[in-house]
Amino acid sequence: MSDSNHSLDLHSYTQLEVERFRESLIQFYDKTKRILPWRKKECIPPSEDSPLEDWEQPVQRLYEVLVSEIMLQQTRVETVKRYYTKWMETLPTLKSCAEAEYNTQVMPLWSGMGFYTRCKRLHQACQHLAKLHPSEIPRTGDEWAKGIPGVGPYTAGAVLSIAWKQPTGIVDGNVIRVLSRALAIHSDCSKGKANALIWKLANELVDPVRPGDFNQALMELGAITCTPQSPRCSVCPISEICKAYQEQNVIRDGNTIKYDIEDVPCNICITDIPSKEDLQNWVVARYPVHPAKTKQREERALVVIFQKTDPSTKEKFFLIRKRPSAGLLAGLWDFPTIEFGQESWPKDMDAEFQKSIAQWISNDSRSLIKKYQSRGRYLHIFSHIRKTSHVFYAIASPDIVTNEDFFWISQSDLEHVGMCELGLKNYRAALEIKKRKVTSLSNFKEPKLTSARRIVTKAEC
């Protein structure tokens, strides 16, 4: 149902307000923008019949923004800064990325950042763009979203506006929050009519002179000022034309919010109107409406970190295997794992460990596992799954023989192979490595195992 106590006109600005919105946001950005490695001046593309050398800088700028924008989706800025710098040092151009082998040259650069389908989409987009003559690269968001694999409307708008100064709007979580509050859209703005309205507003509001700076300012405002739970309205550059803020002031003055219904009544806002007490304490943060969260499912697994040491060089090696090509962490490297799914833990994890060895170690080599120890259970949280791993650490003889599809990799190469963060977390747990206190996975002292056989931790999570 919709809340029809106001018209659709509530969710729009006059031309004067639009200009004020743009000016205030650009001024805010000029004063507060963060210095980031991917923030450079836009590079307007030349005419279609220009020689190739005139396209070099525009294409390079487009590539830099494409990499940064895909990395920034669902990853903190401080984390992206490290990954972006390493990526650009290794794959500095669109051509170098397109020609790089995905599993050995591209994926390892992403390892540890999570949401690995983003990496695949970025590589696919670069491969597609590299095949085009620069003049054939689309210049509108719709053409990008339809024609460039792995790129959606948000990424298209961000790349075109920031890199090529195209007046294209963008919509992400930060933008939804800012615009739903600025124009008092009380709905779930991530889908349906409300999302379409947000996109319409984003395209209408974008500054035609500085579209890239405007879009970055809009995202910056949502990230540091118009935050989800405690918006800093007193320092917000658009508070004077923010309708949620105006509502808050009316309520706090002891008055009632009333809108004149003119023309078409609103069919977007929902009827979930909070009590007066709630409004007094939470009026701005009530926008946008958040859908009910889907409960994360619980999954369990047994993971074994097998280690062997070269007797001559003393170099340590670890047993890994590639995860299936579909499903969670598809195609990434991980340690030997037995998935229990949502089933309860087996009563005897030591017995499970010994039973699982048959899947990984050849029959003649099982006696060559010299020591093993349970290291306990460790939780890793994905967006939709709470994954608990019961980790074992096993020391094997150098002569051990594994079954097919398993590989021994040196400790130094673990950092570069494209290991999933879940695997690295279990590895650190097994070897008692404190993530924040080491600069390399090889920087640790090997822990001592206290027994040659049965040591089982009865830890519950």
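Heads up, the Cβ atoms here are built off N, Cα and C, so glycines get one too.
Feature annotation from Swiss-Prot assigns active site, proton donor/acceptor to E69; the stated evidence is similarity to another entry. In this view, E69 (active site, proton donor/acceptor) is surrounded by 23 other Cβ atoms within 10 Å of its Cβ, with every protein chain counted. DSSP gives E69 (active site, proton donor/acceptor) a helix state.
What Swiss-Prot lists as [4Fe-4S] cluster binding site is C226, C233, C236, C242. With a 10 A radius on its CB, C242 ([4Fe-4S] cluster binding site) counts 23 other CB atoms from all the protein chains.
The domain 'Nudix hydrolase' feature in Swiss-Prot is assigned to 296-437. Taken residue by residue, the domain 'Nudix hydrolase' (296-437) breaks down under DSSP into 35 helix, 60 strand, 47 coil.
Across the residues of the motif 'Nudix box' (340-366), the predicted structure has a mean pLDDT of 82. The motif 'Nudix box' annotation in Swiss-Prot covers 340-366.
Swiss-Prot lists D172 with the feature site 'Transition state stabilizer', giving similarity to another entry as the kind of evidence. In the three-state DSSP scheme, D172 (site 'Transition state stabilizer') is classed as coil. The Cβ neighbour count for D172 (site 'Transition state stabilizer'), using a 10 Å radius and every protein chain shown, is 21.
The record gives C226, C233, C236, C242 for [4Fe-4S] cluster. Within 8 Å of the mean position of their Cβ atoms, the other Cβ atoms in that chain belong to V178, R181, A182, L221, T225, P231, R232, I238, S239, A244, Y245, V284. Sequence-distant contacts (6 or more apart, same chain, Cβ under 8 Å) of C236 ([4Fe-4S] cluster binding site) comprise L221, T225, C226, C242, Y245. A gap of 11 Å separates the Cα atoms of D172 (site 'Transition state stabilizer') and E69 (active site, proton donor/acceptor). Ranking the binding-site residues C226, C233 by C-beta neighbours within 10 Å puts C226 at the top.
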